[in-house]
Each structure stands twice: as structure tokens, then as C-alpha cells.
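Trainee: This is the structure, below, for whatever I ask next.
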Amino acid sequence: MGHKYLQVTFCLWAITCLLLPSPSVGVSRITLKKQRLDLHGIKAARMAMHGEDMLHNFGSSDGEVMPLKNYLDAQYYGVIGIGSPPQNFSVIFDTGSSNLWVPSSKCYFSIACYFHSKYKSSRSSTYTKIGKSCEINYGSGSISGFFGQDNVKFGGLVVKDQVFVEATREGSLSFVLAKFDGIFGLGFQEISVGNATPVWYNMLNQDLVREDVFSFWLNRDPLAQVGGEIVFGGVDPKHYKGKHTYVPVSRKGYWQFDMGDFLIGNHSTGVCETGCAAIVDSGTSLIAGPTAVVAEINHAIGAHGVVSAECKEVVSQYGDLIWQLLVSGVQPDKVCTQIGLCLVKGVQSMSTGIKTVVDKKNMEGLSAGDQVLCTACEMTVFWIQSQLRQKETKDRVLNYVNELCESLPSPVGESAIDCAKIPEMPHITFTIGDKPFKLTPEQYVLKTGEDITTVCLSGFTALDVPPPRGPLWILGDVFMGVYHTVFDYGNLEIGFAEAA
């Protein structure tokens, strides 16, 4: 009788095991490799952030929005296979763009193609020719080519009939020096060039993953063998501590959300009190934000910037007047027009703390020198207004603002920091979902080199994006390495938790 009960129990256990889904079913893992940052890469990233095309495209609300990137500083990449049999490529898994592209065997006249693996359609039995030409513009160059279709293999999955770009021209030195071959976009279809269906969408359409979620864990240990991991179809509890804080996607295209106040130490900068847009971007190592705020960060951490003569001129000649106008209640966005440094319809509201693009008609009325003075005035107003909230005296405020003129971020990346002073630097805090997300100096300072050749650099760079898209922050690997990030496509949410 006991044997019968044992047999029945065993059968029930076996059936239950068969019915329950395996933990690995519908989940795909990709191990990421890590490339050490170098000084040239960080400088190139900052230069690209200041490109005119980038500013124009981010601010554009008409037409096709292009992914805007400089990938020379990207650290984390993985391997995928395209075709049958698979041809392997190292790619950046990029949440800031939506297309998949790799170099084509038909790329004859770009130097970059000779340094990377090239896709040969003739060697794939599953290839389908499309042939439609396309171009993808980036902050520091562009790639062009044509669309093709083939199977894409990665992490144990095979996405069938994926449309991708076969690049025949890579017009930037960035791609020559890059350690990766191509880009694997994980953004929304709204920013996909040619309206090509992103790989992630096809993973969902072909029922390859269990949940409409993918997550990033980036290993910040420079000595670790594994650089990180992407989990498609779920999250790995080993990758984070505590619970995730979720915020809704505010605008499809990039993984964009609304961020709250931004603090240096315990002091609010005031720039995001009424909210700022932010993008989570795995395709860049840096954190980018408004010039006026990055200048304050530079000053607080002792990063060397660019001395601005125009900024100092505004402070010395107009500092007292700006102070008096603000104290008397004049709106911050009216101050520079009242003292004659900006036109009436010039740069919009510095209550947001962001330099914006003046419309073409008004730009014609300003010389290059006048434009610089107008911008310097706008930043001075923002800084003084920020200090007024802290009830500092006029002399102390003007001295502080004058020092900030020496801390303006340099587009060529001159942001060296004394490594010995890292323990004395303030925390930087982002407010997300009404909760503080702190970065310690050890987390936001980038190190390159070893021993006596070690150079410490600020992980922040300047990017001024005009309304309605701006003010805008881009949270790259510096932030994602500290906070495990979940991209929930099903619920259109982004989740952050302390990385394990």
C-alpha cells in the first residue's frame, strides 16, 4: 500500500514539473565584454556631444528623428550572429537608437570597414535582399548603406527575417577606432530609420521571450572578467538589491522619463525643480546635462574647465544689476532683455537653466559676440537665482559666480580632477520617482591608466537641448553601472534599483 502512495506521489511530482515553466524558458542572457576607457575616447565623446547636428536633431519635432550618438567612448559590447551559418559581430546594445547595422562586404571605400568584420550575404542561405538605401546620422558622423533581411542569433535565440542595415560607408574616425563592429538598437520604432522593425519588437512578435521586459546589469569592477549582462524576457535577482523604483516612459522613441530635482551635495541646483526630461542610454559612458549645471558640478569637484572671458565680463559689468533686478522680483527670463544683452524674443527662460536656440529671425539681429554675451548673461542669471534660494550675501554670490566662469565644461574634454581629492568631493543626486538616486565621487569619476599614469576625469559632460525636448539629461553607463535598469516595454516603464 505504501508503495502505491509513493508511486502516485512521484507521478504527481513528475507531472507538476512538466507543467511548470523552466526558469530558463523565454529568457535569454547575453554576456557583455568590457573595453577600458581611454583619454582619447572620453574627449571624443565630449566633442560629439557639442555637434550642431545633435542639438538640431534633438530639438526637432518634425520629420524623422535620428538616433544621435558618438560611440567611441562606449564600454560594453556583446557578440551576435547574422545569417545561416551565423557570421559573428561585436555590437553595442544601445537603448538610445533602434536600428541594427553591421559593416557590409560591399563597403569598399571606408577605412573603418577594413578594421572590422563584414557581413557577406552570399554566404547566408537565409538572406533576403531588400536593397533600399538609407543613412543614419550621428553626432560625430554618419553611416550609410542599404537594408537587407536575415536571421539574427544571440543568447540562444534566433530572430527570423530581421531587417537590418548593411553599412557600405562609415564616415567617421570614431568607427575606425571602435572595438565593436556595429550597433544593436533597443529603442522604440518611432526613431527607427526607414521605420525598420527593431530586433526587440520581432523577439516579442515571434514569442521568443516570456515577458515584455529586458534588463541591464553593468559590472563596474575594472578587473572583472565579465563586463555585464543583458537579460531579455526578465530580470535576474542576483543583479540588484532591494526593489526597483519604476517611472513611466514619458515619450516613446528614446527610453525617456520625467526626472525631478538635481542636487550637488545637499544643495538643489533648481534646474529640475519643475521637472526635466531624461533618457537612459546604454550607448554612452557619460552623463550629459545642461551646461550651467555641469559647470557647477565642475566647480564643486575641482574639475578644470574653460575660462570664459565673456562670462567674467558679464559678471563684472552687470553682476550688481542682475542681482538687483532678481531681488526686486523681475522674472529670470526677462533680466537679460531688460539690460540689453538679449533680444526680446531671444533665448527662452533661464528659469529652466538651459541655453536654447534662438529662432532664425532673431538670430539675424545678433552678432556672434552678442550671442555669446547673451548666453553668458542667461547662465549668470541662473547661477545667481540658484544662490538666492540659499540666502547667500551678494558679494559671496558674485564671487562664486565668477569662479563658475572658470569651470565651464570644455567640449574637448579638459576635465581632469585631482585623484587624491576624490574622498572630499560631494555626492551627486538625481530625483527619480520622488526618490533620491545618489552617485558617490568614486562612482561618477572616470579613471584611465594605471599607477602613476592614472588620470581622473569627470563623468559629466555638457549638452544643451532646447524646449520642447529640453532641458534634457542623458544617463549613460556611469549611472547604469550603479543602478540596475529594467526596460519594461509591456507597461511602458523604466525601473531602477541598486546594482549588486
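Including glycine, each Cβ sits where the backbone N, Cα and C put it.
If you look up TrEMBL, you'll see Asp94, Asp281 marked as active site. Positions annotated as disulfide bond by TrEMBL: Cys107-Cys113. Annotation source TrEMBL lists domain 'Peptidase A1' at 76-497. As annotated by TrEMBL, domain 'Saposin B-type' applies to 306-346, 370-411. Positions annotated as signal peptide by TrEMBL: 1-26.
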Trainee: Please report how many Å separate the Cα atom of Cys107 (disulfide bond) from that of Asp94 (active site), as a whole number.
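Mentor: Between the Cα atoms of Cys107 (disulfide bond) and Asp94 (active site), the distance comes to 23 Å.
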Trainee: Within a 10 Å radius around the Cβ, which one of these active-site residues has the most neighbouring Cβ atoms: Asp94, Asp281?
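Mentor: The residue with the most neighbouring Cβ atoms within 10 Å is Asp281.
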Trainee: If you average the pLDDT over the domain 'Peptidase A1' (76-497), what number do you get?
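Mentor: Result for the domain 'Peptidase A1' (76-497): average pLDDT 86.
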Trainee: How long is the line from the C-alpha of Asp94 (active site) to the C-alpha of Asp281 (active site), rounded to the nearest angstrom?
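Mentor: If we compare the Cα positions of Asp94 (active site) and Asp281 (active site), the gap is 7 Å.
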Trainee: Quick check on the domain 'Saposin B-type' (306-346): DSSP residue counts for helix, strand, coil, in that order please.
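Mentor: DSSP classes over the domain 'Saposin B-type' (306-346) add up to 26 helix, 1 strand, 14 coil.
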Trainee: DSSP-wise, what's the residue breakdown of the domain 'Saposin B-type' (370-411) into helix, strand and coil?
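Mentor: Within the domain 'Saposin B-type' (370-411) the tally stands at 31 helix, 1 strand, 10 coil.
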Trainee: Under 8 Å Cβ to Cβ from Cys113 (disulfide bond), same chain, six or more residues apart: give me those in sequence order, or none if nothing qualifies.
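Mentor: Same-chain residues close to Cys113 (disulfide bond) (Cβ under 8 Å, separated by 6 or more) are Pro103, Ser104, Cys107, Ala167, Glu170.
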Trainee: Counting across all protein chains shown, how many other Cβ atoms sit within 10 Å of the Cβ of Cys107 (disulfide bond)?
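Mentor: The Cβ of Cys107 (disulfide bond) has 23 Cβ neighbours within 10 Å.
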